[in-house]
Amino acid sequence: MRIKLIAVGSRMPRWVEEGWQEYVKRLPAELPLELVEIPLNTRGKNADVARLIRQEGEAMLSKVQPGERIVTLEVHGKPWSTEQLAAELERWRLDARNVNLMVGGPEGLAPEVCARSEQRWSLSPLTLPHPLVRILLGEQIYRAWTVLSGHPYHK
């Protein structure tokens, strides 16, 4: 099983890349974590935002292979504790399908992406900056793995 974070937005600050890579390298080879960046469409004063979101959604879905699981990160998704995420990670592993975690742009995910989602996950009721979400996701996937493997990282 491979986990891909498919996120709208690119050219993140260096600290974001370093934070993400820190957790990627901590994970074992049998749980690869990959980042796929979808360029954010330019939003001008008179932009058709619905069209831009739809285009970003199409680009996101083009990175998903047939049969792979889609998990969207949404404000109204289900909040998971660390232990619940670890249980989900174990279910995903046993299912043996690749998992795609989908993070939309500033206006959220395209309806087409949400319609394909098998699970909706909310990190927090707070609005979080997109760069921070990447690091937070990397850390939480790592933490869930440590719970499953009995590693002392999560106490």
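In case you wondered, yes, glycine gets a Cβ from its N, Cα and C as well.
Some features that Swiss-Prot has for this protein:
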- L73, G104, L123, S124, P125, L126, T127, L128: S-adenosyl-L-methionine binding site (BINDING)
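Set side by side, the binding-site residues G104, P125 differ in how many other CB atoms lie within 10 angstroms of their CB, and the most is found at G104. Ranking the binding-site residues S124, T127 by C-beta neighbours within 10 Å puts S124 at the top. Ranking the binding-site residues L73, L123, L126, L128 by how many Cβ atoms sit within 10 Å of each one's Cβ puts L73 at the top. In the three-state DSSP scheme, L73 (S-adenosyl-L-methionine binding site) is classed as strand.
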